[in-house]
Every structure is written in structure tokens, then in C-alpha cells.
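Trainee: Pulled these from TrEMBL:
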- 1-28: signal peptide (SIGNAL)
- 978-1041: domain 'SLH' (DOMAIN)
- 1042-1101: domain 'SLH' (DOMAIN)
- 1106-1160: domain 'SLH' (DOMAIN)
Amino acid sequence: MKQIRKRFWSLLLCAVLVLTMLPTAAFAADPMSTPLQEGWAKIAGYISGDTDHSVYYCNGIAVNELSPNENPNIYVTTNLFAYRVMKGTYSAGTYTFNDVGGIGKPSFDSYNAPVSLAIDGGFMGDGNVYVATNNMFASPIKEKIWKFDGTSWTDITYGLGINSPALATDSGNLYAAEKGPSRKLSILWKDSTAWQTLNLSSYIANDLVAVAVPRQNINSEVFVLDSIGKIWRITFSQYQPTTTLDKCTLVATAPSGGGSGLAVTSRTSDNKGFDFFVTDASNKCVQALLHETNGNLPYTTQSWVVMQNGSANAFSAPTGIALDWQHNLYVTDPGKDNGTIFKQHSVPRLSWTAQPGNSINGGTLSQQPSLKLIYSDGYGNKVATGNSVNQVTVTLTSGSGTLFGTQTVTLQNGAATFSNLGVTGPGTYTLTAACGGLSSVSNSFTVTEAIYGISLDKTGIQTFPSQPAGYSAVTPLTVTVTNTGNQATGNLIVALNGTDAGSFTLSKTAINSISTGGSDTFTVAPQDGLSAGTYTASVTVSGSNVSSQTFTVSFTVTDKILVSITAPTTITDVSNGTEKTASALGLPTTVTLVTDEGNVSASVTWDVDGCAYDPSVTTEQTFTVDGTVTLPSGVVNLNSIPLTTNINVSVNAAAFTDKTLAGITAPTAITGVANGTAKTAAALGLPPTVMLVTDEGNVSTSVTWDVASSSYNVSSSSAQTFTVNGTVTLPAGVINPDNVSLSTSISVTVNARSNGGNMGGGTHSTTSTPEYKADVKIGNGSDTTLPVTVDQNSGTASVDFGTGKGLMAGGKTTTVTVPSVPDVDTYTLGIPVSSLSMPKEQGEVVFKTDNGSVTVPSNMLTAVSGVSGSKAQIAIGQGDKSNLSTEIKATIGERPLVKLTLSIDGKQINWSNPNARVAVSIPYTPTAEELKNPESIVIWYIDGSGKAVSVPNGRFNPDTGTVTFFTTHFSNYAVVYNNVSFSDVVTGAWYNKAVSFIAARDITTGTGNGKYSTKAKLTRGEFIVLMMKAYGIAPDGTPKDNFADAGNTYYTDYLAAAKRLGISEGIGNNMFSPGKEITRQEMFTLLYNTLKVIGQLPQGNSGKTLSDFTDAGQIDVWAKETMALLVETGTIGGNAGKLAPLSTTTRAEMAQVLYNLLSK
């Protein structure tokens, strides 16, 4: 009983739901479809008080029509306590319904609820009525299938176990689709008593809902509807005795995702398509899929049509659906007024065969519309004949424009085609077609405003990369012009405008019309060879149909910065007597300028009149001509390079006949040579030339003296007279046909040694007679000598000034020259401590030895701690290489190592005084390889731990053959060759020597990966490090105070030292901004502060002031005093009347600045 009650209340609930069903989103109509409402009529319904004739809660429906009949018999099933199968017959415009088989209850089992209905009323049908029932009160529940043959009901279940089947029939065959998850289709063939069952679960995944067959089922096709709205077509390959499934194919899908009833038309006469109809209770409509729109099965493109009822007879819950011979539709609606049957007549109607297409304002439609007049024949085929209406008219039913063109056409074989329709005015329009009194059809389209427009992919200001003066071939800027409208642009013009328009060039000045969606390009570029300056012009693209588009181009040509002037090549082999003019002598009209952007030619004016050349002289002449260089346009002289040069010229001697040697004049004897003079021709004063006697007069020629073979003994204190033999070299133009001897000799007398006097009232005594004398010259006074004390045991030679009275008074320079003493490696100079402890530098002493020379200032010992005594001994000796590390020893090699020491009263002290610079010169003859890069000859000092440290100011002086440097402390100093190269510093570049110079001295190590980054802009952090290294200012190892942005990197400790020493106070807020590119005024200020800290501020008067420069107003207040001093002393000179204080500099330019400062 529990099962029976459960089934009862389930059915009751379903019935209530049918009655109260509200629309949901289950069926979504195609938005392009037009609801079809024509032809619906209510033909039967609930009759109050007459239950025997009322179609009470009707649901299932079938139509019996053995031949075409406008009003066929109708069969319906009723439900919810009125379980009936009723037949409706038509008479006098009214359908009357009675129970099938007589008035009253059906003759089959009581309380059997009919769940499905079918009638074999079609072609070759027998008119039998079939009903599937469900006895929910039976136990077990009985589900049966009944047949009514017009007389009585017969149970034809024949043992078929099936759940609530949906029924369909044709030509005596009965089809039962089980409503449920089993997905079975059972077939009872005509005159058979055995059901054939097909399992469709391998094809269909959802429950079956309804089954339908075409009215003219010539191909034995069955269609089933599943619970998600899919329609499946089923065919058979064998019928009896065993039915075999041929195909189960998905042919369509209702947009509702569900449905309750299914009806299908006959195949069309061309055997191609069907119309499908699905009742949709949720959306209160019928969904239709018409073959005239969707083509052939299967329908790959589906356009479902919503079929609704009019508002007066609106659907409530349409459930059952059936078709008659003429394809009129019949629908049961159990929720409408307790049960209603609707009929839709198949009427002639218009259908679009081509919809109106969008257009541009003023033009015809992109697709001209066409329609056809259709209605159903007896087979359900849509035809376009047989109607008296013969014209179709189109009108605008929405939109504000005006329709033009032929608006009425005559049907030709049921078709109407329009050819020249269009609308004036943009907007969205609805075009409605009407044909007589038939329902009109409408479709929408859009008319777009005709738009002309262009856009450029370049806007605003387009800046070309700046170029130095003398550039060529700047890469052009490509501009794309795009049509942004919906019309062709028409021809376009490209033009340059503005004062500098002539400084640019276009690849084209006209562009042909650009089609819709298309584009074209042109290029713009600066002209070649523009002078320094900034050039701007506007580029405009215009046309008669479009708005002009403009952008700006800008190009800057920068001046090249002069670095140096290349000396012109010496001119030789000039004919004797050549005219004294620049052109006659072959002097070049231009010289080569080295700039930061490469070499440039510049004109030069030669001062030939001021040179020593005398055209009347017949002998060979070599002379120098000075020239003044004129800077060409685009080159500036920011580094104040002198705009002068010179050239050497050699003029040949006049052509003469050879002179014949007759003899050699003996040179005059040399006497009075100081005892101990070195055994060299130069030291002994031997003449470099002798006079030849020829047949045409005397001629001077060079002589080579063999001093080494002479009897002169440097160590002897006695007077010596000896002969030095020499060999004469014949000059050009002198011949020796008589084989006159080319030997000569000269007599030399060396004085005996004598005792020397004391200086300044001091006393000096020795236990033996001095054998050597040191030459002494004080200021511009006369020369004198001091004795040299030699200690052969220690290998030292000493000179002492005694009291040193007047030694450096009045800023005098006293030079002491000690002769070379055999077996001596250290020379010592004794000076009173008081003479080296003056409040400020007043004079200096130069101590010259063959180990080198030392120049000490008068304030050398001023404020130096640990100095207590009366006598200072300054020693310069040969250093001991044996204690050096293997690496340092190998680097020094055979080059000199000099040891400088200071002793007070015989006790050596570690002297260091940052306020007193001592100048040192070490004799050195470079190798040929070293002379290729003399800037790499440097000085190292060896500190107490044996570490080698480069002295930044050390350099080789080719004029003196010495390596010179300044130091403020004594140590071991070595001459070293340290050639450093970078991959981006090319040989011959203007900055090559400068970069090599600072790299050899460890002022820079480059930027990493073997590069120096010559063109990189110099930052404030880089500059402070380079400058402090260049002047030997050490970083703070453990900073106690620093700038907030000093970070923890290579410049951190240098910034701390700069802050501590007062070199920089930063830019404010305790910030230094080390990563910012440094300006010239910042550079000069930091340089000034550094020179001030180390006591090397520049001196002099250039005669210029800041007011002499036009851009002095750009100098910030904090830099004015500094730059004023540097201008007044000639440290900076500006260029073309400008100082460029806000300009930045490159790393290569900075290297050149340091090179210029340190190599002087």
C-alpha cells in the first residue's frame, strides 16, 4: 500500500504542477526569430457542469483523418480523477466530445490513468485508437496498452513490460517509447502479437519523453524526444520476425533543453526535410523547426521559431501536440481554463529568402531583400502558388530615415526580389514586408554614417637621435597612415612646415587614396650635413575628405669637443732657395683635430714670416713654423686647448761640388778640470766637433772621443794631464781622396784636489783629506763646493751643509750636485733641522746624485711629530730587491729601486708630512717597447708590509730621461712598466693615452668585463673616486660618518673621506647622489675642494673673470666662487665665450682631464 500511496501522490503532484506551471528560462527563443501567432483558435474546452462532454485536464491528443478534411475527428485523454479517452466530432462549427466506447467510464480496468494516446488515422491507417494506461492502485502496478477498434477495447500489452510508454502509430504499426531511464523503443508491427524491443541506451544518454512518426512515413522513420530536448531519428534494417536497428541519429536540438510533446510533418515531396514541433509548457509556447529555413536533415544550423498564442488565448501549459493532413496543429493545454484544445490553421505567409543587409548612408543595402509566399499542400510541403495575392510591398516601420528605391514588386513564381533599395540617414531600421492581408514579416538592419578619417602612428614630438657635427645618413622615421573611416580616404598630401622645414626630407609628398581598413607609409629624415643646433618642423598629412593629422620632428646636431691638435708631419727635402711662403714650402692648409667624436679637419694659418728660414742661405736649414688653428663649425673648445700648432721644415743645402780634405785642425787643450770629474766626454768638456781643412775652406764635423782608453784616473787626487784620442766623421760634401788620417787628439788637465771651506759659519772637520767635491749653487749666486765624505765600508757618500745659514732664505733654491763615487750606492745630505722646519715653504734644496735627485721644501719637518735634534740627514740609495715578494720583484725586473730615508742626528725616522711635497727624479732609460707606451711607466712605493702602491703623479719625462714624482713620505720607490688595456679603448683613439695613463696608475680599473665604457656619462660617485685616487687621497677604512645614500659599494669609503675632509658637503639632506651624472660646475667645485685640501690650489692671473662668459648666469651660487678662481687663474678657459657649467662629461673626457693635470 505504501507503494500505491507514493505513486498516487506523485501523480497528483505532477497534475498540480501542470496547472500551476510558470514560465522559466528552459526555452530561449532565437532572438532573430519572429513569433508566429496567426491561425490559433480555441476549438474545445472545459464545460462547467457537463463532465461527460468536457475535455477536463486534457493532455494527450491524436487526429483521425483518413482523407483530407479541414475538421477531422480528434481524440484526447483526460486526467486527474477524470480518466477518459474522448472523441471529438465536428458539426456546425462546433466540436462535441464523448467517451470512446460509449458514455461513462472506459471499458478497461477501473482507475487506469491514460498516459499516452495515438490513432492510426493517417495514410493506409486502420483508424484504431491506442492508449497506454497506468493503474497506480494495482499491486503490482499495472501498465498496459489498449486498442479500440471502433467497437470495443482490447488489451494488446502481450506481456510487454514497459514504464509509462509514449505512443505513436502509422499504417497499423504501433511504437511505444518507454518514458524513463531504460531508453527502450518497442514496436508492434501490424497484425503481430509480439513486441520487438530496441535498446537505445548506447546512443541516447537521457530519458525518453515523446515519440512521433511522419504522417506519410514512407521510409519507416521514427523520431524520439529526450529529456534535454534532443530529437533522434531511428530507422530499421529488418522488420519481422526480428527487428534490427539501422541507425539512431541526432537530427535537432530544441533550445528549451526539454519538452513534453513532439509532432513531425511528412517528408517534403523532394524527400529532403521535415518540420518539427515541440510543446514547451515552461515557456507557454510551441517551438518550431522549419525545413524551409534550416535545410536538410540533420539540421546542422538550427533556427527555431517560437509559436505563441494571442494574448486573449495565451498558452498556460501546452502539453500534447498533433498534426492533421493539411498540417494544421492541435495542442492540448490542461492548465488553460481546466483544459483547452487549440488549433492553428496552416495559412499562406511570407518568408524571407534573403534578409536586408547593412549599408553606408546614401548607398544601397549591402544585401537586397527577397521573399517568397508559402503555404502547405496536402503533404505539408511549403509551396509558393495557388494564392491570388501577387505583390509584395516593403516599408520602414522603425528608424527616422527615408527608404528609396523600388518598394513594391510583383511575385514571380511565388518569389519577390528587390534590387535597388536603400535608406538615407544613419541608424537602425526595421524593414517590414506585406503581401495582401497576410501577416507581415520584419527584419532589422543598420545604416552607418559615411566616415572619413585617418590616423598616424607617430604623434606628438618625434625626436631623432642627436648627431655630432659632420654626421651623415640619419636613419629615417617611418610613418604609417591608417584609414580610420568606412570610406576610401581620397588622395592625401604630405607636407613639412615651419622655419626648419627645409632641414628635413620626405620620401613622398602624395599618397594615393587608401581603401577602407588599409594603410600606407612614408618616411621623414633630417637632411645631411646640418650645422650644430636643434631643428624642428611639423609633418602634416591632409586631404579634401579627411581632417589633417600633424606631428613634430626634432633633430639636434651637437658640437664636437676639441681634445687635442695632431702635429703635422715634418716636411723634408725642400729645395734650397725656395720662396718663403706657406704654399712654396708645401705647408698643409689644414691640420687634424682630435675630438670626442672622432677626427676633424681644420684650417691653419702659418706664420712663415716669423720663422728662421732664410732663402739666401745655401746650407741645409731646419726650422719650425708656428701656426694658428681656426676651429671649424661644430667643434667647441671646452677644455681650453691652445689653438696653435707648429711644423718642422727641412730645406736642403744648395748643390755644391765635393770639398777635398787637406787636414784636421787640432782642438785646443782643456785645462782646469775639477778633480774627481766623471770620466766622460761631456763631463770633461771635450768638444763635440773639430774643424776640417779643405781645398775650399774649413768645415766643422763631429768627433767621437775614446775617453775610456785614456789614462785619466777619476780616483786620483793628484793633478793629471792626459790625452784623449778621437775619430772624425766626414760630413756630406767632403771627400778624402788623399787618405788623410781621420784621427785627432786633445790634451786635458785635471786639477789636484784641495780643501773646501765651511758654509754659514759652521764647522766641518775630517780625519782625512776629502777626495770628492760636491758642486753647490744657491739661487742665482756663484758656484761653490762642499766636500764629499766617502765611507767605503758602508758604501755611502755624504755632504753636509753645516749650519746652513742663508741656505733657503728668501725662497731660494739651492742645488747640490754630488759626483759619482765608485762603490757607493747611498748618498746623504746633511741639513740643519731648523732649515727644514720653517712655518711655511720658503725655499728648497735640490740634492742630485747618480741614484736620482730629491727636492725638499723648507717646511719638510714643520709640525712633524718625533723630530727632536739638530741635524737632518736625507739619504737616497739603491733599494734592496731581495726582500721583495716574487711577484713584485718580477714586475720591477732590472728597473731602478730607490730607497729614501730621513735620519735625525743619525737616528732614522719614518717621515710623513702631507703638507710638504718632496719631488723625486730617478734616471731611467726605457726599452723600445716601453717607449711605445711611455704613459705606462709608473712609480710604485713599497710600504712597510711589502705591498706595492702606485704613485698617481709619477711619470716619465723624455726630455730629462727620468721618472719624476712627488711624495709626502719616504719609502722604497720603484720604476715599473704597467701597461693596461681595455677592449673598448681602441689603439689610436684620442683618449687612448689618457685612459692608459690613469689605468696604469690604478686610478681606474674600468667598469668590468675588460671594458672602460668611454662613452658612458660620468656619475658623481665615479668622479669622486677617480679624483681622490688621482691625488692620492685614501678612503676611510672604517667610516664614522657618511652620506645617507653612500650605500655599501666601491665609492662608499671615498665618500666618507670626502665628507670628513670637507671636499663635499653633498647636495643637501645628507645626500650625495652618487648615481647622478655630474655637471661641469660640480666637477670644478669638487676639484677645487680637493686641491685646497692637499694645498695645491692654482696660482696665477689669466686676466679673465666670470663676467667675460655669456652663460655665467647659469652657474649656481654655491659654485660661483670656485669657478671664479679657476677662471682667474686660467685653470679653465671656456669655449666660444661659454663655460657650459650645466653640461655633463663622458668617462673618456674625464680621463683626458686627469691626464692633462697629472702629466704636467
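Just so it is clear, glycine is given a Cβ too, placed from its N, Cα and C backbone atoms.
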Trainee: For the domain 'SLH' (978-1041), how many residues does DSSP put in helix, in strand and in coil?
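Mentor: The composition, in the requested order, is 20 helix, 4 strand, 40 coil.
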Trainee: Going by DSSP, how much of the domain 'SLH' (1042-1101) is helix, how much is strand and how much is coil, in residues?
Mentor: 24 helix, 4 strand, 32 coil
Trainee: With DSSP helix as H/G/I and strand as E/B, how many residues of the domain 'SLH' (1106-1160) fall in helix, strand and coil?
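Mentor: Across the domain 'SLH' (1106-1160), DSSP assigns the residues as follows: 30 helix, 4 strand, 21 coil.
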Trainee: Over the domain 'SLH' (1042-1101), work out the mean pLDDT and round it to an integer.
Mentor: 92
